[in-house]
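**Q** The feature [4Fe-4S] cluster binding site is assigned by Swiss-Prot to CYS349, CYS409, CYS412.
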Amino acid sequence: MSKPTTLYDKIWNDHLVHEADDGTCLLYIDRHLVHEVTSPQAFEGLRATGRKVHAPEKTLAVVDHNVPTTDRTKPNPDPESIEQIKALADNAREFGIEYYNEFDKRQGIVHVIGPEQGFTLPGTTIVCGDSHTSTHGAFGALAHGIGTSEVEHVLATQTLIQKKAKNMRVTVDGKLPDGVTGKDIILAIIGEIGTAGGTGYVLEYAGEAIRALSMEGRMTVCNMSIEGGARAGLVAPDQKAYDFLRDRPKAPKGAAWDAAMRYWEKLRSDDGAHFDHELRLDAAKLPPIVTWGTSPEDVISVTGIVPDPDKIADEAKRLSKHRALKYMGLTAGTKITDIKLDRVFIGSCTNGRIEDLRAAAKIAEGKQVSASVNAMVVPGSGIVKEQAEAEGLDKIFIKAGFEWREPGCSMCLAMNPDKLKPEERCASTSNRNFEGRQGFKGRTHLVSPAMAAAAAIAGHFVDVREWR
């Protein structure tokens, strides 16, 4: 009888080309997603050495980081962005790669379009020159970010050199209370393990609460695995995953689908499989969460207060949290619900999908954005935007005073016109609250879409569980 293995072990073993004596491995890569920021040097490297893209049919390119989310018929104000966008278009054409430009309905954030096109599939290995590639693990794919030199290596060989990570299982038992979401689950996990707790691991998310999440919710959880320090995050595929992918443009069809299903149904950790570390959370005890500092581990319940760093024993950590408080312009002991906001951003590869927009629209309907807040909603892709408009969500947002934008990474990161001004405070559905992440000296609080929408209307954080 074979030894019980984890889901990660199974996918790894199925893609292992070679293992050296020192544990360095060569792994076959099934899918490669490419965007405009981390690819120019990689293509230049291919050109300089006379190489071709080894498997252009397994490569998909899209612009997302630098594109403006306003009217795209008007000139892009940033010369560097123009150059990177043009470079990707030229490289895709030269090397024979399918490419979605900023005017293509299929364009969007790379980690939104992969699943919605059926390019992301269970049991595959997926890489991209972007840290949030872990998103695709929601479908039972082994997916993680790579550096620019590795982008070149994968383009040239369809393989990647790496060492195997350890296994960690995070089991979330119980049922989530109303108003608590997948975003709150992953923020709670990061708050528990810290931003380095997952270092050297691939995380598998399991348990009743994870199974109850939609595919959008699972993508949110897997998306932020990297913020917990993990290499990747995984959820074993089930009927929800299959239903999501069925009939997608790039998903298998007919007999090929049936054959794929026979493989996919085996993609789960065996009973008795060894995990190097286990963590359990009770979903029923989770509140809506807000980050207060400059690290995703700086989490607190919306009903809580800004913590006092002086109560931290470790000196380095104490000084770090004091710095965070100063940067954020907050005082220990302040109620989270007393924190006033200047901006609200609903979107990103964490929370820019149709379910996220529906949740925000449900809160916003019939209400009005606070006069002190500038709020914007940025769909994760052209397909999401089209669906939202078909459901009338755009009208709900616009009537409530939100800006309704074109798809892209937008205010998740300060690489396009959507930026915070110095000391502006933003409730954001994105994944990182680092210093300067959304703009020079900008202050970011991470929340769920419903929490962000409620904060936009109230002008400060509110407990969405009590929203009327």
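Positions of Cβ are set from backbone N, Cα and C atoms, glycine also.
Relative to the rest of the structure, where do these features sit?
**A** Remark: CYS349 ([4Fe-4S] cluster binding site) has ILE109, VAL110, HIS111, VAL112, HIS132, THR135, ASN223, GLY380, CYS409, CYS412, ASN431 as non-local neighbours, by Cβ distance under 8 Å and separation of at least 6 in sequence.
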**Q** Tally every other Cβ atom lying within 10 Å of the Cβ atom of CYS412 ([4Fe-4S] cluster binding site).
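**A** Excluding its own Cβ, CYS412 ([4Fe-4S] cluster binding site) sees 29 Cβ atoms within 10 Å.
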**Q** Take the Cβ of CYS409 ([4Fe-4S] cluster binding site) and count every other Cβ within 10 Å, whichever protein chain it belongs to.
**A** 30
**Q** I need the neighbours of the [4Fe-4S] cluster site defined by CYS349, CYS409, CYS412. Which other residues of that chain put their C-beta within 8 angstroms of the C-beta centroid, in sequence order?
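**A** Near the [4Fe-4S] cluster site, the remaining chain residues are ASP64, HIS65, ILE109, HIS111, HIS132, GLY347, SER348, THR350, GLY352, GLY380, GLY408, SER410, LEU413, SER430, ASN431.
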**Q** Where does CYS412 ([4Fe-4S] cluster binding site) sit in the DSSP three-state scheme?
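**A** It is helical.
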